[in-house]
């Protein structure tokens, strides 16, 4: 049913009775039904949307996209993450049930990308907010690379112990890194300097003869039935 081999599988008898552990059974059920929460903000998410088509068909991996973090066990971040978006991303991750996994897709998510060079509002790596299981570099990565990342995550799930996973997540809570989010007053007050607007030349600066000559030469628009 599944091509991934379990290291803790004991033996298979002649009567087709499989002797295994509860941990392996839990891992098998989870890796065969990953429900991702799609957190896409940029062009990388368009590449992930290509997986829905018949050419790649990500339904064969049991992937069912969910719109609620409470029903998802995998969050896939794609695109630039800004300081203003960081609390929302952390909140979504916190609302996901355990065990949960993260795939960082694209250069903008992993390092901040080209937007982190001179930007003061870009998070330079989503792993400063939430723990990442699989890094998927590229700008943007191809759909084949996304499938490879999902396959690697499935292999990782098949070999892990549930207790170790929970202990690791509690010990390495990378999303608790403090960011100095200072509340600033809004600068968009609706007031603007009207003096900088473009002012057309006054008609008093144009000679009267030239003004009326130009006015008469402009024909009024005709309605066409």
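Every residue, even glycine, has its Cβ placed from backbone N, Cα and C.
What Swiss-Prot annotates here:
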BINDING   43, 44, 108, 139  [4Fe-4S] cluster binding site
Taking the centroid of the Cβ atoms of 43, 44, 108, 139 as the [4Fe-4S] cluster site, which other residues of that chain lie with their Cβ within 8 Å of it, listed in sequence order?
42, 78, 79, 80, 105, 106, 107, 109, 113, 138, 140
Secondary structure at residue 139 ([4Fe-4S] cluster binding site) (DSSP, helix/strand/coil)?
coil
Please work out the number of neighbouring Cβ atoms within 10 Å of the Cβ of residue 139 ([4Fe-4S] cluster binding site), leaving out its own Cβ.
12
What does DSSP call residue 43 ([4Fe-4S] cluster binding site) in the simple three-state scheme?
coil
Of 43, 44, the binding-site residues given in the record, which has the fewest other CB atoms within 10 A of its CB?
43
Check each residue in the chain of residue 108 ([4Fe-4S] cluster binding site) that is at least six apart in sequence and keep those whose C-beta is under 8 Å from its C-beta; list them in sequence order.
42, 44, 79, 80, 81, 114, 115, 139
